[in-house]
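Shown next, in structure tokens, is the structure this report addresses.
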């Protein structure tokens, strides 16, 4: 098994906040990560929609995990900046995130995350899109 994929799996699972939110890893390959959260009441904001912070966290962490698949042993990535567009109010049984690396680099990695809400008929509706800039640093 590729050590960068092993490290990415480890990174995805060990963050306590991510575990508390219920984020689950679905797919991992070089430059790509897919994840999901089964939605619960705790993920809602005051009007019953998925909180923007939940969407942003899922987009950021999934992008960071995709980036880890491309770095060398002894390095890590830290989010330097992200921008999220909330396209519509999110409601459904789960949030599903697909993150891909747009531009790998030695110092900065640019990723894109698309967050979908799974509907009752199992279809996915795009609810937010994020661009994430990750700084590559030594551990």
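In case you wondered, yes, glycine gets a Cβ from its N, Cα and C as well.
All TrEMBL annotations are machine predictions without curation.
What TrEMBL records for this protein:
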DOMAIN    48-119  domain 'Thioesterase'
Please work out the helix, strand and coil residue numbers for the domain 'Thioesterase' (48-119) from the DSSP assignment.
17 helix, 34 strand, 21 coil
Just to confirm my parser: what is the rounded mean pLDDT across the domain 'Thioesterase' (48-119)?
98
